[in-house]
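Annotated features, as they stand in Swiss-Prot:
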BINDING   95, 206, 214, 216  Ca(2+) 1 binding site
BINDING   177, 228, 229, 301  Ca(2+) 2 binding site
DISULFID  82-135  disulfide bond
DISULFID  165-249  disulfide bond
DISULFID  191-244  disulfide bond
DISULFID  196-207  disulfide bond
CARBOHYD  69  N-linked glycosylation site
CARBOHYD  146  N-linked glycosylation site
CARBOHYD  238  N-linked glycosylation site
SIGNAL    1-50  signal peptide
């Protein structure tokens with residue numbers, strides 16, 4: 001009898017000891033795994049670079065802070081600012097430290113060192129198609145060219161607004177524009193655009209559908225054309241397909257974190273499509289053309305006034321001028 005009781009007690013003690021050993025083993029194993037995992041993270045973290053809105057930029061977020069060197073007495077909202085300029089500016093200045101100089105000057109206006117980025121572009125036409133506007137605020141310097149005033153206003157329309165575009169097969173189909181935000185955008189080295197409006201029987205109105213020479217010419221030998229026709233009317237379209245492409249586009253809305261500073265020219269560009277409205281010049285400003293150093297000094301002086309007519313960061317993160325839908 002006593003032997004059975006002792007055996008039971010011994011079995012219980014052995015079970016407790018074994019359970020304690022198993023729990024300690026599991027705990028040590030988990031500690032080992034967690035330690036190795038944390039060690040691995042610590043070792044690889046210096047080599048891992050995450051993307052901020054599609055580009056390696058140190059986005060600082062939104063932090064209210066007062067900067068003693070700021071000329072503004074109000075707390076400045078820390079943000080990122082991208083300044084886009086023609087490559088000719090850098091070539092004329094010819095100073096390896098010019099960006100650092102400008103950064104120091106922007107600091108006096110409340111922009112901390114490292115919050116302003118400078119990016120050059122070679123061709124405004126190419127830039128407008130895919131501008132890559134990633135900062136909280138984006139300011140584009142566009143040199144005025146009196147030989148392409150119409151192109152410049154249309155380029156500004158592309159940069160300041162977001163567009164959703166579809167390819168068009170004008171050899172098989174006719175098209176119509178459904179609203180004022182619906183436009184046909186043509187690009188190429190030489191774009192001549194002709195249209196023939198159609199009636200409900202698909203017969204030409206004032207033109208013959210079988211003879212492109214009777215079509216109305218809406219653009220001739222241009223690099224960029226934003227075609228606006230009568231809404232709700234079908235049109236046959238003819239373009240120089242070897243040197244030009246055309247897309248059916250809808251304007252989604254303004255990029256309110258983008259502004260254009262026109263350098264030179266008698267008047268600021270007007271990109272308003274509706275002739276009954278006040279010209280849309282709030283985010284298009286003009287400064288007199290001088291040497292590029294003088295242009296940048298003027299930009300620094302007025303940058304905070306420019307920012308006041310903008311909104312921080314557009315709804316689009318990778319803000320390309322076109323969104324293609326295939």
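Just so you know, the numbers here start at 1 and follow the chain as drawn.
Cβ atoms are placed via backbone N, Cα and C, with glycine included.
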Spatial neighbours of residue 177 (Ca(2+) 2 binding site) that are distant in sequence (at least 6 apart) but have CB under 8 A: 183, 184, 228, 229, 230, 231, 232
Residue pair residue 249 (disulfide bond), residue 207 (disulfide bond) - Cα distance, angstrom, rounded: 25
Residue 238 (N-linked glycosylation site) CB neighbourhood, other CB atoms within 10 A: 17
Between residue 82 (disulfide bond) and residue 301 (Ca(2+) 2 binding site), the C-alpha gap once rounded to whole angstrom: 16
Assigned element (helix, strand, coil) containing residue 301 (Ca(2+) 2 binding site), judged by DSSP: helix
For residue 191 (disulfide bond), the one of 95, 206, 214, 216, 301 that lies nearest, given that the binding-site residues are compared by Cα: 216
DSSP three-state assignment (helix, strand or coil) for residue 228 (Ca(2+) 2 binding site): coil
Length of the line joining the Cα atoms of residue 135 (disulfide bond) and residue 301 (Ca(2+) 2 binding site), in Å: 20
